[in-house]
Every structure is written in C-alpha cells, then in structure tokens.
C-alpha cells in the first residue's frame, strides 16, 4: 500500500547532505552580475562561510570543482522579440560553454537562466550528459513569485501568505495551477520591464539566489522549476517544463504530483507541444 509521501511525490534520487561549496556564474552581463551580487550579499548576511573569494576570468579552469554553475550567458532579448526567437542564437553559445564546464566540474549542478530557458535547459542536458536531476532551469520560479504578489495586492495580504504556482513554459504559454485574479499579468510583467528598462536583471537575480539557497543549504523547498517532464501529464517527448519540484543538495530530488483538471493538463500539453515543435529542429 502506498504511503502518503509516495502519493504526493515522485521520487527521483536520494536527498543529499548540506556542504560548503563553490559557485560559478557564467555570463557577466546584467543578469549574471545581479545573480552574483545577490548571492554574495546573501552569503555575507547569513555568514554561511568565513570569507568569500571572488574570481573573474574567461578561462574555464578557474571554475573547477564548482558545486553549482549558473548559466546566464546568452544573446540579449530584444524589444518585441519572444523568448523562443532567441533559441538558435543561444544554442550556439551553449555549445561553446557546456563541455568546458562539465570537464572541470563533472559533479556540479547546472542552473540555466538564459532564455528561452526551457529549451536551453534541454540543450544543456543533452550537451552535458548529466542526469536530468542536476540540470535545472530557473523556469517559472519568478513568474510564480509575481503571481503571488499580484494575488496579495488584490486581496490586501502579504504575498508570503498567498500560495500558487505558474506551471509550463517560462513564456507566453505558461498557466496558473488554479485560475484566480489577474489572469494575464504574470505573463506580461516581464515584457513590461523589458519595454521600459531594456533588460531584466534584479528580479531574476533574487529568484536565482532563492533557488541556489534551496540547493546549497539542502532546504528541500518546493519551487516551480524547469525539469524533464517526459512521462508526466501525457507528455511523451523529452521536454523540460516548470512543475513543482523539491530542491536539495543533489538537485531535484522529487517532483510534486499536482492533480490538474483536464483543462489544465491540456494547456500543459499544449505548452509542451509548442516547445517540441521548436526543439525537434535544433542542431546540437
């Protein structure tokens, strides 16, 4: 007879133990700098280590033995350009980065932030040869935070008291786990920042810090991140989409089993099909 835990979670690997670590950020544009600074501030604030040692270099040997590698390198998204339009330009960039990263840090976890994040997470998984549990896309973690903020704003309560996930593609086809309030705002707010500012950095930097903390401190918190969903929700292709996952020191240790309505599952499958139509034509 199944236990409650077995009914709630689909276990992937055994959870790891907390340890000190080395973090590499690949890409020193606005997003990369925001990620690095946000992580450094968090480390100093929580006194996780006695001191921090920061190295900037274009030689991958300095990344050796990293526990977490954060990929922010990529072509910048232009105004009016969708995340999917970026795909081929950024695939070429990933092919120049990932082999050196894995060669120097074969036991690392890779967190992909570059857009389109779901497809690039698939690309990095294929190029790296690492288990899917150690190749994670930032996915809808930030979208979900925006969604909870909008719910809190509408109801007049603190966002931490609001609960909900945005699932699927980190992009135009993502959807809420339960329909409620501001049906499109969580989708368009990122594009609004891009229109006004020209780029997005600090929000995603803080979101990445949140994800890094869950993994490096083995907090086993649930985040909607991009992972391999083949075999789930009627998806038969090797597609990476955001679903609620438990993050720990080993990466993604479990996928939370969400009971979707037939309509929600159909929307998730539609999101997967859209990505597959782009992904299957990639040259890796």
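Every residue gets a Cβ built from N, Cα and C, even glycine.
Those TrEMBL annotations? Automatic predictions, nothing curated.
The NAD(+) site in TrEMBL is built from 113, 114, 115 plus one of 90, 104, namely 90. Just so you know, the Cβ of residue 113 (NAD(+) binding site) picks up 28 other Cβ atoms within 10 Å once every protein chain is counted.
Broken down by DSSP into helix, strand and coil, the domain 'Lactate/malate dehydrogenase C-terminal' (189-277) contains 40 helix, 23 strand, 26 coil. Of the listed recorded positions, namely 90, 115, 170, the sparsest Cβ surroundings within 10 Å are found at 90.
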